[in-house]
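A.B. asks: The feature transmembrane segment is assigned by TrEMBL to B:21-52, B:72-93, B:105-125, B:131-151, B:163-185, B:205-223, B:253-278, B:298-317, B:324-341.
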Amino acid sequence: MLIANDIHVRLGHKEILRGVTTSFAPAQVSVIVGPNGSGKTTLLRALTAELPCAGQITLNGHDIRATPAWKLAAIRAVLPQSTVLTFPFTVAEVVRLGQMGGIGAGGPDRTVEALNRVGLQSYGERFYSDLSGGEQQRVQLARVLLQVWRPVGPDGSPRWLILDEPVSSLDIGHQLMVMQIARDFADQGGGVVAVMHDLNLSAMFADHMVLMRNGRIAVQGLVREVLVDHHLSAAYGCGLRVGVTPPEQPLFVLPQAALTED
Amino acid sequence: MVAYADSIAPRRAIALRVRGWLWVALIASCILSLTTGATGVTLWDALVALLTPAELPLSSKVVLWDIRLPRMLMAMVVGASLAVSGAVMQGLFRNPLADPGIVGVSAGAGTGAVVAIVLGGAMPFAALGPWLVPVAAAAGAWATIMVLYLIATRRGVTAIATLLLAGIAIAALAGALSGVLIYAADDTQLRDLTFWGLGSLAGATWTKLLAAGPLMLAGLACARPLARGLNGLALGEAAAHHIGLPVQRLKRLAILSTAAATGAAVAVSGGIGFVGIVVPHLLRLISGPDHEELLPNAALMGASLLLLADLISRVIVAPAELPIGIVTATLGGPFFLWLLLRGRTFGGL
C-alpha cells in the first residue's frame, strides 16, 4: 500500500496541499485528477519524497522519508513530466540508467526489451536530445519500467509505478499504448499511481480515482463513484456530463457545451 | 533489431581505444618533457638518472632530478586535476559551460592562496608550512563552489545564466579582496605573489609537489567513484534520487573533490585556463558523456595536454619561458569559440 496521512505542503506563503489523506492499493491503476493548480502534481511529488511535507507517507510499510534512496528505488520508479538532458546521451544509455549499476551495468540487459515495450525498438543508438517530446517521454518510461521490471518483488511485495502526466505529450495511439502498459503492470500485481488530465483515458484504464480541488481531495473512490456530473462540474468549474454506459464499458465525459449543441 | 551487446559496444569500445591512445600520448609526453630543455639530456640519460643516479654527471642529475622530474609530475597532476574538476563540475551543474576558471572557482582559490601568502605568517595555521597555500586555496575554491551552488540552484535546477553571472560577481569580489591584500603586502610577499601569479610550472619543486600533490590526488580519488552518480544526476536531482542515488552526499563529495583538486592546482600553478572545459568536451564528442569513461580519460588527456603545453612554454621563446597560462589560453580560446559556434552543444542556454 501507498498511504498518505494528513499531508500538508507549503511553497512560500501558499499552502498547496491542505490536509490530504488517501491510500493507493497494489494491483490497481489509481489516477489523480483535478483542474490546473489543484495540487495533483504536488501530491505526487510529496508521495515520492521529492517535496518536504508535513504528515506521514508510507510505501509498503516504509516511512518514505526515513528510507534511503536506494531502498525506495528498488520498490518504486517515478516518471517525471519531462526530462531535458544537457549531455549527448544515447537512448540506450538513458534507459540503462534505470538499471541498478548504471549505464555500463553488466548482468542480463533488458534495455532492448524495455524499448520494445514502448515501441522504440530501433532507437537505441539515437541521441536522446534529437527525439521529439513524445518520444523522449517514452524513452523515460522505458527507463522507469526497467527500474521496477517485475511488478512484484521476490518477497511478494508490490512494486510501484508513479507517473506524472505520462500521456501529456503523446499522440492518441501512444496514449493508449502507455495506459495499457500501466494497466498490465497493475494486472500483474504492481501498483500504479498517475496524475492525469484526460478523464476519458482515466475512465478507460483506472480502477481508483482521486479528484483534487484547491489543495484538498474533493472526492475519491471507484471511478464510477467519482465520475459523476456534479462532482466534476464543481471541481472543474464548468459544465461536464458523464455519459452513462453499461457496467462493462468505460464511462465517458463530455463538456456540457458540446452536448447542448446536439 | 540491434542486439544489446552491439548497441553499446561502439561508444564503450571507442572510449577504451581512446584510453589506450591517451596512455601512449602520456608516456610520449613524459619522455619529451624529461629530455627537452636547455641542457641536452638523452632518453638514455634520463633512464639512467631514474634507475641509477650515481652514474650520471652531477649537472644532468640536478637537471633531471631536481628540475625536470618534479616539473613533469606537477604538470601531470595539475593537468589531470583541472580536466577532471571540469568534468565533475559540468556533471554536477548539468551544464557543459561549468569550468573552474569560468565560474570563478579558480579566482576563489586564488584569493585563498593570496590570503595565505600575505597573512600566513600571522595566522595560527602557519604551522602548516608548505601545505598552507594549497590548503587555503582549496578552502577558497570550496567556499566559491558552495556560494555558486546556493545562488544558482533552485529546487535541483541550476540556472546557467545565474551561475555564470554569479561566477563573474564572485570572481570580481575575489579579485578585489586579493587586490586589497596585495596592496597591504610587504616586499617579500609581493615577490612571492608575483611568482605565484605568473601561472607557471617553473617553480615546481619536490617540496611543492609533496605539499599540493596529495591534495590533488585526493580530489581525483574522490572523483572516480562519483562517475555513476554523475550519470544519474544528468536526469536532474529529483530523478537521480528516484533511481536510488544519495544525491546530497553525491553533491557534497563532488564539491569537495573539485575544491581540493582545483584549489591545490591553482595554488601551485596560478590560473591555467581552459583545460577543464576543452578536455571533457573533446572526450564527450569522441566517446560520449558516460562519466565512467569520461573521468579516467579526462585525467589522462589533461595530464598529457598540460605536459605538452608546458613543453611549448619552455621551448617556444627559449631560453626564456612563456607562462603556461598563455599557451593553454591560446589553444583553448579558439576551441571554446568553436564550441559556441557549434551551438547545439549548449542545449538550454
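Each Cβ is built from the backbone N, Cα and C atoms, and glycine gets one as well.
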A.B. asks: What stretch, picked from B:21-52, B:72-93, B:205-223, B:253-278, has the most CB pairs under 8 A with the transmembrane segment (B:131-151)?
C.D. replies: B:253-278
A.B. asks: Count the Cβ pairs between the transmembrane segment (B:324-341) and the transmembrane segment (B:72-93) that lie under 8 angstroms and are 6 or more residues apart in sequence, then report whether there are at least 3.
C.D. replies: no
A.B. asks: Which stretch from B:21-52, B:72-93, B:205-223, B:253-278 shares the most C-beta pairs under 8 Å with the transmembrane segment (B:298-317)?
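C.D. replies: When the Cβ pairs under 8 Å are tallied, B:72-93 comes out ahead.
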A.B. asks: At a C-beta cut-off of under 8 Å, are there same-chain residues at least 6 beyond the transmembrane segment (B:72-93) that contact it? List them, or none.
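C.D. replies: Apart from its flanks, the transmembrane segment (B:72-93) reaches 26, 30, 33-34, 99-100, 103, 105, 145, 152, 158, 160, 163, 201, 204, 208-209, 213, 216-217, 219-220, 223, 226, 230-231, 233-234, 251, 254-255, 257-258, 261-262, 264-265, 268-269, 272, 275-277, 279-280, 283, 291, 294-295, 298-307, 309-310.
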A.B. asks: Using a Cβ cut-off of under 8 Å, list the residues of the same chain at least 6 residues beyond the transmembrane segment (B:21-52) that approach it.
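C.D. replies: Tertiary neighbours of the transmembrane segment (B:21-52) are 59-61, 63-65, 68-69, 71-72, 75-76, 297, 300-301, 303-304, 307-308, 310-311, 314-315, 318-319.
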A.B. asks: Apart from its near flanks, which chain residues at least 6 from the ends of the transmembrane segment (B:205-223) lie with a Cβ under 8 angstroms of it?
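C.D. replies: Residues packing against the transmembrane segment (B:205-223) from afar: 66, 70, 73-74, 77-78, 80-81, 84-85, 87-88, 129-131, 133-135, 138, 253-254, 256-265, 267-268, 295, 299.
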